[in-house]
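The structure appears below as structure tokens.
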Amino acid sequence: MALSAPASVKTFLCFTLWALLISPAVSLTCSGQKFTKNQVFSTCLDLPSLSSFFHFSYDSSNTTLSVAFIAAPSKPGGWVAWAINPKATGMAGSQALVAYKNSTTGLAVVRTFDISSYSSIVAKDLSFEVWDKTAESRSDGSLAIFAKIKIPADLASNGEINQVWQIGPGVGADGTLVKHEFAVANLQSKGTLDLKNGHTSSSSGVDTRTKNKNIHGILNAVSWGILFPVGAIIARYIRAFESADPAWFYLHVFCQISAYAIGVAGWGTGLKLGNQSSGITYSSHRNIGITLFVLATVQVFALFLRPNKEHKYRFYWNIYHHSFGYAIVVLGIVNVFKGFNILRPDYKWKSAYTNTIISLGAISLLLEAVTWVVVLKRRSEISKKPHDGKQ
Ligand SMILES: *[C@@H]1O[C@H](CO)[C@@H](O)[C@H](O)[C@H]1NC(C)=O
Ligand SMILES: *[C@@H]1O[C@H](CO)[C@@H](O)[C@H](O)[C@H]1NC(C)=O
């Protein structure tokens, strides 16, 4: 029984660590930023992702938007981009201003790109009038894009525009942009810009889809990734102690039923995310998820079909129950790591989870040794008193 303490402490720690994942990151603010040419803007925004900043003034009498966008490329020699998407909310269809440092001249330059689709990024004039385009490379390694934009009448009458921003790792010698990463921060770098009141809709931090992905990650990492293995450890090792019978059994059932309940919730969020993401399918993550759900459901129902200890089928039931159980533990951990590679949270979350699994593995090894000692000792005691050999 005493052995359940480290496991519950672990579980608690992991809950805490994962809860921190959804707390928004602290960022520097735009309000102190100055420009070398003394440009002044009426409003500035700390954009919610990619540590980017946006300064602007809007003159509604002639629908002129004057902007400055500041961000650091993801690698030195990379690019930064700010775009208006006149028709949709994402990257496809956006009209982009891109800045990078020309490696030959060392000067920051601005170019315009028409991003008609993800595969077609063409250097081209924009669909609306843009002038006074300049770029500046700043002392902290970031780049600033300046421009004045004539907002088309239909967008101006809405009072808001869809903005998209991005950072990339490099620029080819011919001026082609090296693809940006597809981490969560690169996918949530968009929002609507309220021209009159000067705020961006996603300024609260994380959009709903990202929040759903984080919830999906937390529920599944806690259930399939931590509680199921802990429940298996309880079943395998704690019952070796005679004094822990039948408490280990209830603890095991409690642990696995709660893991199953949380896991099913997490599984449901996964299906929903899968349905929402047309075009991108993470098929192995999805198939392992479905397999896990089936195996775990069979395990839960098999609890009710469990033959009693003396029954001749109990032997076969044990084989099935253990093999399904180990399969769930292994597939669960594998799928949590697959999930990390898809969601790509900060590296510390992956390493926190890895450390948890390593600790659970170390605890299991230790308990395995202790169990052998206990079992061998018990056997030798039994052989000393053969008339009392009933287990
Ligand atoms: C709009 O008005 C501002 C001053 O309020 C001026 O600087 C800008 O050039 C005007 N834009 C156009 C397109 O006329
Ligand atoms: C950098 O500047 C040189 C000289 O103006 C020009 O020939 C070259 O195309 C530029 N390279 C890029 C990637 O813009």
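Cβ atoms are placed via backbone N, Cα and C, with glycine included.
Feature annotation from TrEMBL assigns signal peptide to 1-27.
The domain 'DOMON' feature in TrEMBL is assigned to 50-168. With helix defined as DSSP H, G or I and strand as E or B, the domain 'DOMON' (50-168) counts 6 helix, 69 strand, 44 coil.
What TrEMBL lists as domain 'Cytochrome b561' is 176-376. Mean pLDDT for the domain 'Cytochrome b561' (176-376) in this predicted model: 86.
Per TrEMBL, transmembrane segment is recorded for 217-235 (among others).
What TrEMBL lists as transmembrane segment is 247-268 (among others).
The annotation transmembrane segment is assigned in TrEMBL to 288-305 (among others). Sequence-remote contacts of a segment are chain residues at least 6 beyond its ends whose Cβ falls under 8 Å from one of its Cβ atoms, and for the transmembrane segment (288-305) they are 224, 228, 253, 256-257, 259-260, 263-264, 267, 270, 317, 320-321, 324-325, 327-328, 331-332, 334-335, 338.
Annotated transmembrane segment per TrEMBL: 317-337 (among others), in sequence order.
Residues or ranges marked as transmembrane segment in TrEMBL: 357-376 (among others).
Listed as Cβ neighbours of the transmembrane segment (317-337) (distance under 8 Å, sequence separation of 6 or more from its ends, same chain) are residues 220-221, 224-225, 228-229, 232, 235, 285, 288-289, 291-292, 295-296, 298-299, 302, 305-307, 350, 353, 357.
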